[in-house]
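Positions annotated as domain 'BPL/LPL catalytic' by Swiss-Prot, on the basis of sequence analysis: 30-214. Per Swiss-Prot, the feature substrate binding site maps to Arg72, Gly73, Gly74, Glu75, Val76, Thr77, Tyr78, His79, Ala139, Leu140, Gly141, Gly152, Leu153, Ser154; the stated evidence is similarity to another entry. Look at Swiss-Prot and you will find Lys136 tagged as site 'Lowers pKa of active site Cys', backed by similarity to another entry. Residues annotated as active site, acyl-thioester intermediate in Swiss-Prot: Cys170.
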Amino acid sequence: MMLIIRYGLLNFETSWVHQKTMVFIQIRKRQKKKLSIYLKHPQVYTLGHRANKEYISFCSNNTLVNLHRVDRGGEVTYHDYGQVIIYNITHLQKINRNVNIYIANLEQLGKRILLLYKTKSTKKEKFPGIWIQQKKIVALGIKIIQRTTFHGLSINFSCSKRNYELILACGIKDGISVNFNEIHKKNSQNQFYWKYKIVLLIVDILAFNNIISF
């Protein structure tokens, strides 16, 4: 059984603290619960723990920019109100065999959400995430501590293109981001939001999940 936590809009710093707290509780109590956190962030840039600062075009000391170096893998990415973000906290029984399977499952989740609107997407060899015609729509980055995962994926719906263009997302030279509403201009954000909520509700009912909303 999976516990689903829905925060709505939450700043990145707070969500990061919440994730780490949940992970360390799981480890300390030797729990193997599955937690899935759904939310949106205000404007923020995050760098993976080994990310290259050359991939950002603004000064990293600029106090007007919300920038954080975090403990996930991957390079730089951008979050804002126009994304659906899913953070999963899951215990991997056999880490060596399950990491690639886990990443593939996260990518499959992103693809299934896009398929709700009959949007075909693909994976790109050596680059985690989901792409539509060489443009990235789903970003992915995870961290594993003692076989317990956290961080997850983000799906672009109506992100600020201007802010996204200030970075070399995931360190890919030709990696251009794309928004869902660029592909489906007839679908409003409200329509997308409610269809997404209905699908989650069906999944919740079928899986008998516990749901906590904030």
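Backbone N, Cα and C atoms are what each Cβ position is placed from, and that goes for glycine too.
Binding of substrate is attributed in the record to Arg72, Gly73, Gly74, Glu75, Val76, Thr77, Tyr78, His79, Ala139, Leu140, Gly141, Gly152, Leu153, Ser154, and the widest Cα separation among these residues amounts to 16 Å. Note: the CA-CA distance between Tyr78 (substrate binding site) and Lys136 (site 'Lowers pKa of active site Cys') rounds to 12 Å.
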